[in-house]
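Engineer: One structure is given below, represented as structure tokens, and several questions about it will come after.
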Amino acid sequence: MSNVTVIGAQWGDEGKGKIVDWLASRADIVVRFQGGHNAGHTLVVGSQTYKLSLLPSGLVRGKMGVIGNGVVVDPEALLAEIDRVSAQGLEVSPRTLRIAENVPLILPVHGAIDRAREAARGDRKIGTTGRGIGPAYEDKVARRAIRLCDLAEPETLDWKLDELLLHHNTLLAGLGAETFTKDALLAHLTALAPRVLPYMDTVWDLLDDARRAGRRILFEGAQAVMLDVDHGTYPFVTSSNTIAANAATGSGVGPGSVGFVLGIAKAYSTRVGEGPFPSELHDDMGRTLGERGHEFGTVTGRPRRCGWFDAMLVRRAVRVGGVNGLALTKLDVLDGLPEIRVCVGYELDGQEIRSFPSSPAAQARVKPIYETMEGWTDTTYGARSWADLPAQAIKYVRRIEELVEAPVTLLSTSPERDDTILMRDPFEN
């Protein structure tokens, strides 16, 4: 028996929600270990549709949810999400949800700075959601963050807000934005504290007890490897480490507890917002993929950019993310296409290169090298066994395995939870 860590292997929106939901039914605890409420996913359980941004997916399956220290939490957004899913009949209480006492908090000032800086960038925007995630992580690294445990100590909160506002109000004033008062932030946090503090726990200890008891832990990543602050397409990335190694750091367990690493990838590529995208399609095919795949962001509602599967980037994600196997999603979106292309390499200034460059200037000049494969006419939609797949679809999956140097462990053939082909059980050693 093994733990499982789920991460995105592209730029996010790969269908992690469905896969995590499928795995959560077999886990005992589901842990969020990085990110904030800037990414979301939709889960369909019976007649109910849940849209989650902060809450661990396992809650919809009656499993304990844990928010680790690597997450940044907007307490107001958290409580709003709890209220929303509770109104749908889902139990979210201190019995079912625990939050690390040392988790950094997102305050209204963080969102204000996020939006003011993005506006000041003009046409050089990063593509932030404006929800304060980046500034909250900056405060954590700069050692001025307000953490969940601080809400229990008003005297600590008082002087920490002084230190925080000394920095942030200077920035806001320089950007021509409205500044904040300590009294306003103190009142904001004091009002939220009684509802949030009951969820506080020593999460590293809780998870260690679970490990010793042999309980199955599912670590749920947000965003994806190519949005990792170190290994992604910097600076068009998120503000945290999204690779599997951070499941340990972001929850307080040892690295050996990460277990089987399952990378999620679509059978094609998408990206939201700004940043390089070598295999992006600007033609009718790109629009076709977007329409068939219903490619709109769960949180932002922004249409996603679409393109062919980029095997080079996914192979990089496999290597730096420590991926043991892939879950390939949305294969059915490719049904009926006469031919399918896969990016198998890059060209930079007339020379073939082995990997995607780190320099933004070089990234902008990269051109994809494609391999063309025959499509299939029969549908893969709803297939639940390998034998149900068209021969060309099987060839496509096998070719992806060869190119990314990782086996396809799970195959998703529709948004429905049970339309999943299992080749290997990630929870079994």
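Each Cβ is built from the backbone N, Cα and C atoms, and glycine gets one as well.
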Engineer: Do you know which of THR170, THR202, THR238, THR249 Swiss-Prot groups with ASP13, GLU14, GLY15, LYS16, ASN38, ALA39, GLY40, HIS41, THR129, ARG143, GLN223, ARG302 in the IMP site?
Structural biologist: THR238
Engineer: Provide the number of Cβ atoms within 10 Å of the Cβ of ASP13 (active site, proton acceptor), excluding the reference atom itself.
Structural biologist: 25
Engineer: Spatially, which candidate from the recorded positions ASN38, GLY40, HIS41 is nearest to LYS18 (GTP binding site), comparing Cα atoms?
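Structural biologist: Comparing Cα positions, the candidate nearest LYS18 (GTP binding site) turns out to be HIS41.
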Engineer: For ARG304 (substrate binding site) and THR42 (GTP binding site), what Cα-Cα distance in Å is obtained after rounding to a whole number?
Structural biologist: 16
Engineer: Quick check on the recorded positions: of LYS18, HIS41, ARG302, ARG304, whose CB has the lowest count of neighbouring CB atoms inside 10 Å?
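Structural biologist: Taking LYS18, HIS41, ARG302, ARG304 as the recorded positions, the minimal 10 Å Cβ count falls on ARG302.
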Engineer: Taking the residues ASP13, GLU14, GLY15, LYS16, ASN38, ALA39, GLY40, HIS41, THR129, ARG143, GLN223, THR238, ARG302 listed for IMP, what is the greatest CA to CA distance in Å, to the nearest whole number?
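Structural biologist: Maximum Cα-Cα distance: 35 Å.
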